[in-house]
């Protein structure tokens with residue numbers, strides 16, 4: 001059964017490593033050393049819930065509801081455009097160090113709310129967990145499926161805690177105005193690129209519904 005565990009671990013790592021809103025938020029909280037381990041835990045637990053829902057039956061609901069899939073896709077496009085705009089606006093600010101200090105004043109609950117938004121409003125999370133992992137895991141018997149799910153969940157926990165701790169360790173270098181400008185510019189452009197790719201998928205979904 002360990003082979004199924006490592007299959008899930010490798011696939012989960014491959015899907016979670018690319019830069020997205022969730023990774024960007026965890027990284028930024030690590031750089032600020034503000035509730036970064038709590039955020040890593042909440043992201044990992046959210047992934048656990050989504051992965052289990054997708055692998056153990058949730059994928060069928062999404063795949064059988066094309067309008068729901070289209071709604072999730074276009075909602076994600078709007079969210080990613082907004083998130084990317086915020087990152088680029090910060091990158092073009094006149095005083096990034098002042099902006100970073102201002103963000104440090106955010107309360108715990110506001111940070112948690114933002115984390116929930118970047119996780120649960122991100123359509124890629126549902127496409128990855130429900131469509132990709134769900135379709136692969138759904139083909140397995142019950143016991144192998146459990147090991148496969150455990151592997152993908154392990155990848156999430158290892159990645160989010162590793163990212164948060166690494167960002168906190170590198171904080172003195174990454175907290176400078178120059179580094180923050182580069183990071184926010186990269187995050188903003190990547191978010192807009194993902195939004196563009198999702199918009200193309202959304203148009204395809206709508207065309208399929210109308211035909």
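Note that Cβ sites are derived from N, Cα and C of the backbone, with glycine treated the same way.
If you check Swiss-Prot, you get these features:
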- 1-21: transmembrane segment (TRANSMEM)
- 37-57: transmembrane segment (TRANSMEM)
- 68-88: transmembrane segment (TRANSMEM)
- 111-131: transmembrane segment (TRANSMEM)
- 147-167: transmembrane segment (TRANSMEM)
- 186-206: transmembrane segment (TRANSMEM)
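In this chain, the transmembrane segment (68-88) does not touch the transmembrane segment (147-167); fewer than three CB pairs sit within less than 8 A of each other, excluding pairs fewer than 6 residues apart. Note on the transmembrane segment (1-21): residues 47, 51, 79-80, 83, 118, 122, 124, 128, 132-133, 136-137, 140, 143-145, 147-156, 158-159, 186-187, 190-191, 194 of its chain, located 6 or more positions outside it, place their CB under 8 angstroms from a CB of the stretch. Listed by sequence, the residues of this chain that lie at least six past the ends of the transmembrane segment (37-57) yet keep a Cβ under 8 A from its Cβ atoms are 12, 16, 22, 25-26, 29, 108, 111-112, 115-116, 119-120, 125-126, 129-131, 133-134, 137-138, 145, 148-149, 152-153, 156-157, 160-161, 163-165.
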